[in-house]
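Marked as domain 'Cupin type-1' by TrEMBL: 30-181. Under the heading Mn(2+) binding site, TrEMBL lists HIS79, HIS81, GLU86, HIS127. Positions annotated as oxalate binding site by TrEMBL: HIS81, GLU86.
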Amino acid sequence: MLQLVDFFSFRQRGGLQEPTGGDRERLLLPGLNVPRSTVNQQGSPVTAVNVMNLPGLNTLGISLARIDFAPNGGLTPPHTHPRGTEFLVVLEGTLAVGFVTSNNDNKLFAKILYPGDVFVFPQGLIHFQINIGHQSAAALAGLSSQNPGVITIAKAIFGAKPPISDQVLAKAFQLDKSIVDQLQAKFLMNSN
């Protein structure tokens, strides 16, 4: 059982004692300061810190992620967090970010962010971030859930297993079925 610091006892004892045994691993995840390689399809790896890799977050209702962006277009593609609001703090670089409100307005709220800027993405709304600068960018995202979930829109739609009917998607996106088939094939190929 993880024991949390009793701040009254903390003052009486004259300071914090080093966690012992398994508590240290439950409370510490080192290395978030290290940039990750941006060599992937989107040019933007996400390093998640949640209850799965930092058990000390259990029942606290929070999680964190570091996002590194390749220069000139590193992208966190349109996605949503069904169980958490996200706030993003830009550490370095220049990001264009935005979210879309729900039906029927579908209004885009978008901003250009610079180091030190903070932007909020409300729970469940589709949002994105893209590096519009010529240098690498990095941000920290805080989330209001220990397990906020993530649904990447294009991957969920075109990469569903088994696939969503191309007739359904063609009608929904007002596309020719051959285009839908190409998109589904691309996402199926990239998921292996």
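Including glycine, each Cβ sits where the backbone N, Cα and C put it.
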Non-local Cβ contacts of HIS127 (Mn(2+) binding site) (under 8 Å, 6 or more apart, same chain)?
PRO78, HIS79, THR80, GLU86, VAL97, GLY98, PHE99, VAL100, PHE121
Starting from the Cβ centroid of HIS79, HIS81, GLU86, HIS127, the recorded Mn(2+) site, name every other residue in that chain with its Cβ within 8 Å, sequence order please.
THR80, PHE99, PHE121, LEU125, ILE126, PRO148, VAL150
Tell me the Cβ neighbour count for HIS81 (Mn(2+) binding site), meaning other Cβ atoms within 10 Å of its Cβ, over all protein chains shown.
23
Counting other CB atoms within 10 A of each CB, which of the binding-site residues HIS79, GLU86 comes out lowest?
HIS79
Taken over the domain 'Cupin type-1' (30-181), the model's mean pLDDT:
96
